[in-house]
Each structure stands twice: as structure tokens, then as C-alpha cells.
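Listed in TrEMBL:
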- 519-534: compositional bias 'Basic and acidic residues' (COMPBIAS)
- 34-61: domain 'C2H2-type' (DOMAIN)
- 75-102: domain 'C2H2-type' (DOMAIN)
- 131-158: domain 'C2H2-type' (DOMAIN)
- 159-186: domain 'C2H2-type' (DOMAIN)
- 215-242: domain 'C2H2-type' (DOMAIN)
- 243-270: domain 'C2H2-type' (DOMAIN)
- 271-298: domain 'C2H2-type' (DOMAIN)
- 327-354: domain 'C2H2-type' (DOMAIN)
- 355-382: domain 'C2H2-type' (DOMAIN)
- 383-410: domain 'C2H2-type' (DOMAIN)
- 413-440: domain 'C2H2-type' (DOMAIN)
- 505-532: domain 'C2H2-type' (DOMAIN)
- 518-537: region 'Disordered' (REGION)
Amino acid sequence: MESSHNNNTEQEKAELFCDVEPPTPGYTKVGRRYQCLTCRKTFPNEPRALRHTISHAGSGEPWPLPQRQQAARPFQCPHCEKSYKSASELRNHGRSHTGEKPFVCQECGKAFMQAICLRVHTTGHTGELPFGCSQCSKRYSTPSKLRIHQRAHTGERPYTCTECGRSFADPSVYRKHRRGHAGLRPYECSTCGKTYSELKDLRNHERAHTGEKPFLCSDCGKAFSRSSSLACHQRIHAAEKPYKCQDCGKAFTQLSSYQSHQRTHSGEKPFLCPQCGKMFSDPSSFRRHQRAHLGVKPYKCDKCEKPFRQPADLAMHQRTHTGERPHKCLECDKTFVASWDLKRHQLVHSGVRPFQCQECGKAFAERSSLTKHRRVHTGERPFKCSACSKAFMVSSSLRKHERTHIVHPPQIHGCNHCDLAFADLPSLRRHERAHTENTVVVAGTGTVPTCRHCGVMLSSFHELRKHERTHPVAKSFPCEECGKAFADRAGLRKHEKIHSGVRPHACPECGKTFISSSDLRKHEKTHGRSKEQESYDPLVSFLAQSELMEKVTESGEVQEGLTPVS
């Protein structure tokens, strides 16, 4: 019982000295003095600065200690007028003026002014987390850290910035934010000149220049430049998503992601761009947008020297050189460079089409597809050719058209693996992926087209493709109707439409229907026309397909599996 009482007393001291949540301090340390963030007045020590800043929130007068309390505290500090009950408390306080930190952690070398602060710190090394959250079972070393975490569940944000109105759950984040308003960013990067309010933020930033990634995941070996990034990543292995939205049930691994998601329900956009007035719901999008105004692209590709604003964008770009496509669809085995490309593709399999046209009811998996489709109704053609003023509904059609004006391309992009050349970089990159899938490197000879089945080397990639057709392909996707097998799930799905009778792609010229959009395009050439010609009217194509769908629905034979004309 006495032990429990001692633990509680010690914990109270820990909160008092080490991990306390202060009453919204409006001051910051500048050199050896403390500056009020409201009136910029400076003070020689922290207690005087604290008493002064409290006066801004109240009547304007500092809060003196009551007479009885002063009498009960006979030991007064000669530096700041603060008084204590015992000489030992005064000695402990005196270290805040001298900067002395006699209590050193044997594990990491970090030093502390108070012994209790060291004991709280060592729980981080021992893994002791005695304070658990009743909502999500997450545990913390101190009650104050637990309280800060619990605000993620309650939505409480008691620390409000008087400058911009933003509120915070964590007092340390609030203090850091206030320093940003005060313009106190004393730590400057020697490489790019960027400044920071805290030394740890500068250290984290410097790793972007050096490429240092000291934090290694013990599960998969992936390295990170920040310990916080490693902690977020490790939740992937643990499948831990402690932050759950009360509105829709979606769960998140990070508090920041959870908070950004909540703004999708509330519509709140607290981040305002001072340049153009655009507002954002999450800070990362806001920072990316600001770099667009500044034109800052600090991350450069070592292969082609193309610059990027984000390290993630650079990493994504570098896959075009390596041919890496790590994100694989489990339905059809198609691979993608980026995870969001895979998510967008998976909507095709799920059949989820949340974006519906108000004019005709057609639904789409992506908002961008709906935006393009609306131009069919409005007739809008925002992409105009600078050479002949011809206008197009989509940018890709404009790019294809612009190539017809190029008689002698100003720049030819040659393939490093074969003799082929291309008029634009995207076409070259698509072509180079074919090399990375079927190549070996022979010392002194460069990249050689090599068969992945038998290892034979061919003179060209064209010969390699012809040769690979001679090898039998494993066909592990059989049709349940007729037993015919296919090499991939996409081929099986196309075949199954023969049995179902679904032919969703209708010719706007003659009404003939086809199983796939590629068959429709081949057929359209028999009419002596293509989608690129001016005579093509997307609305006619859409109405023809709608008529077909109505007929099929009325017959009652096939009502599932119909997909819009792509």
C-alpha cells in the first residue's frame, strides 16, 4: 500500500518537473532570455516569463503568490524571486538558471536536471508503459502522454493560437507553432539555407541532403531518415490502426492521417495559401502547393537530373529507370509503379463507381473521369493546339495531335538498349520497360535480349518476342463453362463474355456490338473513321451504348457485367 502511494507521489513529481502540460505558455527561449510572444518583452528566467504571459490572458496584472504561501516557502531564489519549501527544492530549481544536468542516462547519454526526469526517461529504454488507453489499448510511460493521446478520441484541442485560431491537442506542438508566428527560426541549414525553430527538425532535414537513413525496420529492412517515420511504418507489419473515425468507421495508423480524414466530413480547410488564397485540409498538401509557387525542386534524379519537389516523387520517378513495378493486382496480375495507380485500377474489379453524372446517370470510378465525361454534355474542349487552334476534350488527344505538326522532331529520344528512337519521353519509357522485364547484363557487351524460359540470347527484342511465343505458356485460369484455359485472369474474363452474351461496346455508326473496346476500334476503321477525326461525336457513341443497355435490361437476359464504353 505504501509502495503504491510512493509510486503515485513520484509520478506526480514527474508530471510536475518533466512532462507537465502547462497553461498555454505564450513565451519562448531566445538565447539566454525568455521572450513573450504577445508583446515581445524579454525576461531573464522562465518563471517570470510565465507569470508575465499569464497576465495577458487575465486582468493584465501578474499573479503574485498569496501571503500564506509565501510564508510557507522560506527558501527564495536569488535569480527570479521564486520561493520553495525546502533547500533541496531550491537547489533543484537553481539548475534551471545554471543549466547543470547531473543526471545522465547510461543507455543513451541524455542528461537531465532532475532525478525523477531521468527515471521517467529510462522507461523508454526498458519498454515499461504502465498507462493504457481504454479506447484503443495503446500504452504510454506517463499520464500526461496518455491524456494527450486520449484527445485524439475525444477531439479535444485545448491549446488555441491567438494569431490564426488553430487549436492543438499537444502543448509541445502548440509551442512549436507559436514560434513560427514569432519568426523565431534560429537553426539554419548550411546546404540550402532553410531555417527551423528546433534543432531536431534541422537534423531531420539535413538527412534529406545527405541521404542518411539511420532508422531501420527490423521486420523488412526498410530504412528511414526519421524515427517517427519508422514508427508509422512498423504499424503496417503489426496491422495496428488505433485511430478510428466515428462517422464512417475507417481506421488509420497515424493521428495526422486520422485528423486530415475527419476534415473530409466537416469540410474544414484550415490551411490558407497567402499567395493565391487556395485552402487545404491537410498540411502536407499545403506544403506541396507552396513549393509550386516558389518553384523549389530540391530533389534531383542522378540518372537524368530531372528535379522534384518531394523525395517520394523522386523515388517514384526512379522506377522509370529501373523498370520496378512493385504494386501488383491480385485479380489480374497487372503491375504498377505507384500504389495509387493500383488502387485506381482495383476499382475496375470491384465495380465501385461512386462518381455519377447528373445529366445522364453514368457512373465513374474516379472524379477525373467524371470531369472528362461532363465535357461530352457541355461540349467543352479546353485543350487547344497552338499551331492550328484545334481543340480537344482531353490533354492526351492534344499531345497526339501536336505530333502531326512536327515534320522534323527537334529532339529524338533514343533507347539505350536497342536502335529504336521515339519523339517523346513517355513513349521511350514505356518501351524501356520491355527491356527491363527480359534482359541480362553481360560484362563488356551491355544489355542483351535473353529468353526468360530457356536462357537463349537473341539479336533484338523483336526476335526475342517472336522466340518466346514458341514456349508453351502456363494456363492456370480455366473457363467453368467450356474448360478453355487462359494465361491470365483478364483473358478469362474477356472469354467469359462470349458465354454471357454481354457485348457492351456499341458502334455509333451502325449499332453493331462488341465484347471489347479494342474490337470496337478495329471495327470503326471499316467505316473509314476514327475517334481522332472531327466527325466523331462522343455523345452519339454514348447514346448508342445506352440504347443497347436498355434493350438488354428490358429483355431480362443480362443485367450484370455491363460496362460503359471506354
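Positions of Cβ are set from backbone N, Cα and C atoms, glycine also.
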Close approaches to the domain 'C2H2-type' (243-270) from elsewhere in its chain (Cβ under 8 angstroms; 6 or more beyond its ends): 136, 152, 155, 166, 232, 235-236, 279-283
Structural state census, the domain 'C2H2-type' (131-158) (DSSP three-state): 12 helix, 4 strand, 12 coil
DSSP-derived helix, strand and coil totals, residue by residue, for the domain 'C2H2-type' (383-410): 11 helix, 4 strand, 13 coil
Helix, strand and coil residues within the domain 'C2H2-type' (505-532) as assigned by DSSP: 11 helix, 4 strand, 13 coil
